[in-house]
Amino acid sequence: MAPPPPQQPKNRSRGPAATGGNGRPPRRMASRDAAERAAFFARREAAAVLRRVLRGDAARRSAGSIKSLVYSPTVRNKRATFALVCQTLKYLPILKEVLGSSGVLNSKWKKQEELVIVTAYDILFGQGIAVSGSAEELIMLHKDNLRRALERICAKRKVSSVEDLLGKETAVKPKPRFLRVNTLKTTTESVVEELSKIHMVNNDDMVPDMLVLPPGTDLHSHPLVTNGKVFLQGKASCMVAVALCPKPGWKVIDACAAPGNKTVHLAALMKGEGSIIACELNKERAKTLQHTVRRSGANNIQTVNGDFLDIDSNDPSYAEVRAILLDPSCSGSGISTERLDHLLPSHSRDDQDDASTSSRVMKLSAFQKKALSHALSFPSVERVVYSTCSIHQAENEDVVNAVLPLATSLGFELAPPFPAWRRRGLPIFEGSEHLLRTDPEDGLEGFFIALFVRKAAGGDVEPPNEDAVELGREEPNEGVAVEARRKQARRRRGGVWAFSSLRLSRMILCPDGGFW
């Protein structure tokens, strides 16, 4: 529970109460009080975010990026909170050493460690504004001891200033600000007209309803964003739903849906028709997913706080699932700069090892293979997109290559999403040219997309729709294969294909009886 607003300390002497001619405090005093109150609340919001960031980093199960946590609906002063969290993380090793050596973080304060750390940063290195609050009083009481501890650390390491103790800054190349127009609520033309009054706006040449604005454009508090008419979403992320290309009226599963940007993009592509089952195992992330769905205005999305792997693909209620988007948990190595992962304590540990072959990435890869095998096992599914925001081969090409025998046995082939896109998969197996990668060199995040399309009854991949080709994606011919698809599904359920999805997954995951 947040503490009450700070009151003016009774023992703080400011001299005689000054008033203006109308009996009110002078404007400068009122302004100072407002700044103190803002700092008080920003520290507590920053401490709450920092707690989630550090706990997720320690457990390697992030509840979200720093940005996504700060820009959640529960944080009011987003700009001040974001700056405080980032700067506190930057100084975190120094702050912990100073607080530890001075004995400030005793057992009494251990439960509020993050608040003490944030307050220590802000008073020692930041604004220096302190009002009555338990953490503020603690730091002010020990302020001189903390400064002496800093001087001892600098002397011990033979540096002249605290800044010399900090690691090198990670250079971030500015990228354009991409945003996706939510066509469930508005039109691209009206958004362009509105934003053109204050920004230079261009239409993206590949992703429909995507606009491009100059780097550094901040629209988080713009009404178009807050009311869900526009989503601040990267181009590479938007390419995922477009690659799946679900038709209006289809039944679709988003297997690992939170935070929900791709889910509501699917709803827009489907014009709000049909149905989407959006699964999310994590309870807190499921709440974020539900908020995103409400903001989008989509009414054809059913959110499920549960595990996609627990769904029985042969359950009759899923017999008409036509498309599945699988964007599972991954290392996030393709968006680590945007996520500000270089500020996290784990970043320095990862630098000591080859992150691409770390035990964490290998565990993620095993899970990804299992999830993709399960997605391919749904009897009537025609299109499956597997995507990650990772640059590691172990999470991308290796996963697809491992599952290809299962995919082939179920009648799937790899199809090229966005055929005109030049950057394709790493050439480690035949067919990898159908895979798609994006890279920071392209001015985008590092994403990976694989599109599996089930072959028609005649043995060929269903031909693309002409409109879809213009958008750089392939779309199935609706009328030709419907009856053949249903017959195929009935044959599979009737036992013509003897392997269950579990047994087939084991064939892929454990080809020689051991663990992959």
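Heads up, residue numbers simply count up from 1 along the chain you see.
The backbone N, Cα and C atoms fix where each Cβ goes, glycine too.
As annotated by TrEMBL, active site, nucleophile applies to Cys389. What TrEMBL lists as S-adenosyl-L-methionine binding site is Cys256, Ala257, Ala258, Pro259, Gly260, Asn261, Lys262, Glu280, Asp307, Asp327. The domain 'SAM-dependent MTase RsmB/NOP-type' annotation in TrEMBL covers 167-455. Sequence annotations record features per position, and here TrEMBL assigns region 'Disordered' to 1-34.
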Integer Å value for the Cα distance linking the residue listed as 'active site, nucleophile' with Gly260 (S-adenosyl-L-methionine binding site) is 15
The answer, for which of the recorded positions Cys256, Cys389 has its Cβ ringed by the most other Cβ atoms inside 10 Å, is Cys389
Just how spread out is the S-adenosyl-L-methionine site if you go by the largest Cα to Cα distance in Å among Cys256, Ala257, Ala258, Pro259, Gly260, Asn261, Lys262, Glu280, Asp307, Asp327?
-> 19
For Asp307 (S-adenosyl-L-methionine binding site): intrachain residues, at least 6 apart, with Cβ closer than 8 Å = Cys279, Leu281
How many other Cβ atoms are found within 10 Å of the Cβ atom of Ala258 (S-adenosyl-L-methionine binding site), counting all protein chains shown?
-> 28
Which whole-number mean pLDDT does the model give the domain 'SAM-dependent MTase RsmB/NOP-type' (167-455)?
-> 91
